[in-house]
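As written in TrEMBL, here are the features:
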DOMAIN    A:11-195  domain 'Nitrile hydratase alpha/Thiocyanate hydrolase gamma'
BINDING   A:C105, A:C108, A:S109, A:C110  Fe(3+) binding site
Amino acid sequence: MSGDHHGSSAISERVRHVEALLEARGLVDEGEIDRSIDDFLAGGSPVNGARITARAWVDPGFRDRLLADANAAIRELGLSMAGGLQEQRLKVVANTEDEHNVVVCTLCSCYPIALLGPSPSWYKSEAYRSRVVRDPRGVLAEFGLELPAGTRISVWDASAESRYMVVPRRPEGTDGRPEEALAALVTRNGLIGTAAV
Amino acid sequence: MSRINDVGGMVGFPAIAEEPDEPAFHADWEAHVLALNAALIRRGVYNLDEFRDAIERMEPAAYLSSSYYEKWFTAITTLLVEKGVATPEELAVPGTDPGG
């Protein structure tokens, strides 16, 4: 299934064959392929989502702007959702004492790669995509996140044009910590909503 | 009418498996599939919506038995044939079945 990896040499050979054919026809060149892979690996990281989160924790004005218009707000930090094949609309949702948010793409794998890095296989798996919308509380418990029965859970389903990111709750006892130290507390799963911080 | 990719709410899938310290790609060919797709879209051979559609209209049993980047490769080769860039015979490794 989608979360699996079939590492057979047969597909490796087929991909090499098609790539060579396309090179021979002038549709791709080897340098372009290598650059594209390097750009993808360098292009996004959960460090970016963590910076956004830490800023939202320390700056209520930024938090308001982020929740109102995330595409504009992240440009204040030099970040953008326009680095891929098309600009994506970003909506950022913030966890509170009463509400927890979690992100999925039920149809495929839409994900804010610029802010979170390459997506984990479980995010792309049919298991996660099918189940988190039906039983979010149960799925979050499998990730080790047991939410109080009174906490409302909102599940955000990404699409081809729209991406979502979660701002986790700021941990207790972190008053006065510098922004960089706060950012270091934020995990990728926290930004998806499958973990607390 | 939903297609096989529309799995939201479907029952019967297994528990979610997390892989600690997972790499971005599990094999070189996966990275090459990603880069080939980006190159073909940049060249205008097909667009991103056509690519998604080519994944989503995979035959259901093949969709469910393919890994993530295997689906991408299926979509790429489907579109290369449909756009007249190459025939199934040309896309197959010599000596293998073009349908495979």
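Cβ atoms are placed via backbone N, Cα and C, with glycine included.
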Close in space, distant in sequence - A:C105 (Fe(3+) binding site), Cβ under 8 Å, 6 or more apart: A:Y111, A:Y123, A:R129, A:D157, A:A158, A:S159
Binding-site residues listed as A:C108, A:C110, least Cβ neighbours within 10 Å: A:C108
Mean of pLDDT values spanning the domain 'Nitrile hydratase alpha/Thiocyanate hydrolase gamma' (A:11-195): 95
Other residues, Cβ within 8 Å of A:C105, A:C108, A:S109, A:C110 Cβ centroid (Fe(3+) site): A:L107, A:Y111, A:K124, A:R129, A:A158
